[in-house]
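Here is the structure we will look at.
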Amino acid sequence: MGVRAVVLSARSVAKINRVVARQILDSRGRPTVEVEVLLSDGAVGRVSVPSGASVGKFEAVELRDGDQAKYAGHGVLKPVQRVNTTVADSLAGVSPFDQRAVDEILLSLDGTKNKSKLGANATIGVSLAVAKAAADSVGIPLYKYLGGAVAREMPLPLVNVINGGLHADNLLDFQEFMIVPVGAKTFADAAQICAEVFYKLKEVLKKMGHSTNTGDEGGFAPNLENNTDVLDVLVEAIEKSGYRASSDVALAMDVAASTFYDGTSYKFSGKCLTSGELIACYEDMVSRYPIISIEDAMAESDIEGWKAVTKRLGDKIQLVGDDLFVTNPALIANGVENKLANAVLVKPNQIGTLTETIDAIRSAQRNNYNVIISHRSGETEDVTIAHIAVAANCGQIKSGSFSRSERLAKYNELLRIEEDLGKSALLYNVI
């Protein structure tokens with residue numbers, strides 16, 4: 001029996017039998033939601049939900065208990081309880097193979113625009129767990145179940161090697177400094193290149209007398225004085241690893257500009273800058289360093305700033321909207337209409353269902369915006385985003401650094417997927 005026949009057979013039989021949620025802990029030791037969906041044929045899907053530190057104000061609501069006597073208010077027993085009662089009852093007997101129908105039930109149960117009743121941390125856990133259970137039922141990997149025969153493009157990793165901003169306790173304004181292995185031919189090559197640069201970066205920082213402690217996402221968190229010092233160190237590490245800066249390994253940054261914007265100016269490097277002055281700083285950096293991507297270059301509320309930076313740099317580098325779009329198809333459509341950014345960061349927990357996540361990806365792709373699927377700073381060992389990246393041909397992925405197991409879990413899963421695809425696998429090239 002072929003795969004298609006197996007899928008059709010399973011779809012006519014298997015139904016959702018049980019939905020179970022529980023409270024577990026993420027990589028920062030904070031509670032998060034884990035969901036298991038069990039089907040009538042014994043198939044199981046399990047998903048644990050991440051949480052962000054730098055959160056866009058338009059994101060769907062992450063519901064927490066607020067009880068200061070337990071986990072300093074970070075508990076998630078409220079969304080867990082709602083999954084185990086309201087959601088579980090409503091999904092019992094439903095087919096797991098119609099993802100849009102499942103997600104419409106979740107949206108109807110919540111009934112709010114921002115998932116504030118059930119919590120996006122509950123709905124995304126259920127939504128993804130249903131998809132994983134369906135894939136398990138038909139006996140194929142999630143990326144094949146979601147993407148079919150066209151799912152063969154491996155994402156290029158943007159690897160966070162130096163942390164700053166809200167992700168580290170240091171002096172750096174910018175949140176992430178990343179290396180991008182643009183010269184790689186396969187994902188395995190990309191992983192090797194990034195690992196070798198990461199090793200060398202540690203040596204370089206130690207010789208300079210800097211700490212090699214790591215931040216939330218596994219990157220080093222040295223007390224370098226300013227952002228350009230970081231770029232200098234990264235270029236040095238790349239070249240001392242035997243690679244060429246630019247043609248082998250390029251640089252990317254997540255500025256997270258909303259975190260140092262006060263509504264009128266940007267408090268950057270000890271100065272108050274206008275949008276235009278901050279853009280001029282970016283232009284200078286791009287002219288001096290092999291930077292190919294800047295994420296959240298402007299605050300999500302600084303729409304005129306976004307228009308200006310896109311006009312001035314949009315034909316030179318990738319300008320990624322995270323807080324600007326928060327994985328919301330409507331906000332992406334608005335960005336396209338107003339020529340804001342040219343790439344979209346996708347975080348499934350920002351929007352709250354798999355269907356809406358895929359809709360956001362397709363909306364971006366239809367309008368020739370690049371797509372980068374992303375982890376969060378508070379992560380788990382869950383590897384679902386690796387499968388979505390390949391299934392939807394996202395092209396790029398952010399999963400943190402080459403330390404901390406919750407970060408490497410995604411990279412390791414991509415190595416397995418590339419092996420599974422064999423010679424049909426292709427590595428996306430951002431240049």
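Along the chain as shown, residues are numbered 1 onward.
Cβ coordinates are placed from backbone N, Cα and C, and glycine is handled just like the others.
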Residue among Gln68, Gln81, Gln99, Gln175 sharing the (2R)-2-phosphoglycerate site, where Swiss-Prot lists Lys347, Arg376, Ser377, Lys398 as binders: Gln175
Per Swiss-Prot, member of Asp216, Asp229, Asp322, Asp323 binding Mg(2+) alongside Asp254, Glu295: Asp322
Farthest-apart CA atoms of Gln175, Lys347, Arg376, Ser377, Lys398, residues recorded for (2R)-2-phosphoglycerate, distance in Å: 17
For the Mg(2+) site built from Asp254, Glu295, Asp322, further residues of that chain with CB within 8 A of the site's CB center: Gln175, Glu176, Val255, Ala256, Ile294, Asp296, Val320, Asp323, Leu345
Around the Cβ of Asp254 (Mg(2+) binding site), the count of other Cβ atoms that are within 10 Å: 28
Neighbouring recorded positions, C-alpha within 10 angstroms of Ser377 ((2R)-2-phosphoglycerate binding site) - of Glu217, Asp254, Glu295: Glu217
Neighbours of Arg376 ((2R)-2-phosphoglycerate binding site) among the recorded positions Glu217, Asp254, Glu295 (Cα to Cα, within 10 Å): Glu217
